[in-house]
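Feature annotations, courtesy of TrEMBL:
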{"type": "BINDING", "residues": "A:26, A:71, A:207", "note": "Mg(2+) 3 binding site"}
{"type": "BINDING", "residues": "A:26, A:41, A:71", "note": "Mg(2+) 4 binding site"}
{"type": "BINDING", "residues": "A:43, A:118", "note": "Mg(2+) 1 binding site"}
{"type": "BINDING", "residues": "A:43, A:71", "note": "Mg(2+) 2 binding site"}
{"type": "BINDING", "residues": "A:50, A:258, A:315", "note": "substrate binding site"}
{"type": "BINDING", "residues": "A:117, A:118, A:142, A:209", "note": "ATP binding site"}
{"type": "BINDING", "residues": "A:210", "note": "Mg(2+) 5 binding site"}
{"type": "DOMAIN", "residues": "A:24-133", "note": "domain 'PurM-like N-terminal'"}
{"type": "DOMAIN", "residues": "A:146-293", "note": "domain 'PurM-like C-terminal'"}
């Protein structure tokens, strides 16, 4: 057992950049930059629930870290360190090598040190702790949205949902979009450039993991506000092109999870700053609505001007 | 599902002392003291391997945190924050309430904030991340032992092993000692006063989780040294009293795990400081041997002056 799991550990012993001591002692030693808070999150992924036994191990390695990196970006912080605790039914060398490859590819892409961990035998379970840094007092939380703020979303929400429906339900996807949708699902790109750049601009922010409406609900709850989404401003064109089904495209955009785009609010007077940021990062930033007083709840303003009340899980006429 | 697991989370939402933001956002926010390094460890505990389905949930809550706190103490650091990621086959309210009680009892005893976590359905698995602080550059690592240093152990190693043998193999234990042995096994007391007090005194340190000899081996490997243990100085008297079996007592003392005492080395000129510390903390500190050049390996000097080579797993004539 010991030597078998020593072998496993060797897959996770690459050099670090932000770490004074990564392994080989009772604990790791990290140095947080002066004047910074530590930003910390943990995520537990269970086989059969969050991923399947036949999930590509390289994709799983990438995604299990990427979704955690996204949590740090969503606070406006820079990711620095990850810990990986891993339970495996057996030491499957090929699986491990592939998982480690994907994990480190993501770590290197987003400048994260794997700086500690644990390995044990057991039903397959990945517990990833991610830590980042943010200048003290500047983290972008969920509770800062105010009535009148604009509502923004980054990039292209909805592609991961189209990919999932493609794989699970054989939803046809047009060839030029299929790979991009599958990549969004399997290799999400956390918005680590955008998140920190929105410090001092965004009033509230989170990453879209469960769907735009559901996650927007967390901002509304935490901030005590409502919101109105402007249907004409939703980035649906590419989704419609991909699946040739406007209703599906809207469902993917508003209720599809797993894209890890950033959803944020900002005062209207920051529009020019946000448009400039979009240019600088070469990343579309869509102003999809605005924050309202809490009494107005969550509504969708259709192109014809009618306002449809929304539940946070989507539209009854789509999902019913 | 969601509401069921929301219920779970309510068991783990007590106030924090060292934490700017513990929950309810993408990540927690912690402030590390200026001039300090962060000390970080993670431990994954799997049902059927690290604990059993019928383990008392209160004891499990205590111990799962205590063994992690011990890792921080063993670096000479102060524990501050814990994250708990928990997979459970179902939301068993009584089990959760008891587990949370034990966990928080330990957290309060050692001044640790539960400052983040995750909960999911799955085969029972506890992944605990512990973080502490240490003044930069002062952590006590495993690699600082030098030939000529004294070898010390705190408290009473061996009691947890006697308790395990009592429960598993019906080893009779004398009544006055039985409860203390069971408490050592179920409610280990990490040495959070001693660990930080040894900064600037100890040259190497770790906590005894797998047995004194085995863990001493980690110091010898990391420091590139050997060691000689003086049999007459081993704290065996209480163990012999408890089990009335000198051979068992020695095996418990040298190879029994799970006591979480601190094993450390220090230059001989610090003996008076260490004895004074023992007085101040009302904690026995036993000078059980000394560090040697690496060529001498690991030896036990018997009371009659003969030297017995040791393997790190114990004595062949005990375990064979």
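Keep in mind that glycine also has a Cβ here, set from the backbone N, Cα and C atoms.
A quick note: this is a predicted structure, and the numbers were derived from the prediction, not measured.
Applying an under-8 Å Cβ distance to chain B, the binding-site residues A:26, A:117, A:142, A:210 reduce to A:26, A:117, A:142. Within the group of binding-site residues (A:41, A:209), the Cβ with the highest number of other Cβ atoms inside 10 Å belongs to A:41. When the binding-site residues A:26, A:43, A:71, A:118, A:210 are compared by the number of other CB atoms within 10 angstroms of each CB, A:210 has the fewest. Using Cα positions, the member of the binding-site residues A:71, A:142, A:207, A:209 nearest to residue A:43 (Mg(2+) 1 binding site) is identified as A:71.
The separation of residue A:209 (ATP binding site) from residue A:118 (Mg(2+) 1 binding site), Cα to Cα, is 26 Å. Nearest neighbour of residue A:26 (Mg(2+) 3 binding site) by Cα distance, taken over the binding-site residues A:50, A:117, A:142, A:209, A:210: A:117. Cα spacing between residue A:207 (Mg(2+) 3 binding site) and residue A:258 (substrate binding site): 9 Å, rounded to the nearest whole number. Of the binding-site residues A:50, A:142, A:142 has the largest number of other Cβ atoms within 10 Å of its own Cβ.
Cβ neighbour count for residue A:207 (Mg(2+) 3 binding site): 26 (other Cβ atoms within 10 Å of its Cβ, all protein chains included). Distances between the Cα of residue A:71 (Mg(2+) 3 binding site) and those of the binding-site residues A:41, A:50, A:117, A:209, A:210 are shortest for A:41. According to DSSP, residue A:71 (Mg(2+) 3 binding site) is assigned to a helical segment. The full span of the recorded ATP binding residues, A:117, A:118, A:142, A:209, taken as their largest Cα to Cα distance, is 32 Å.
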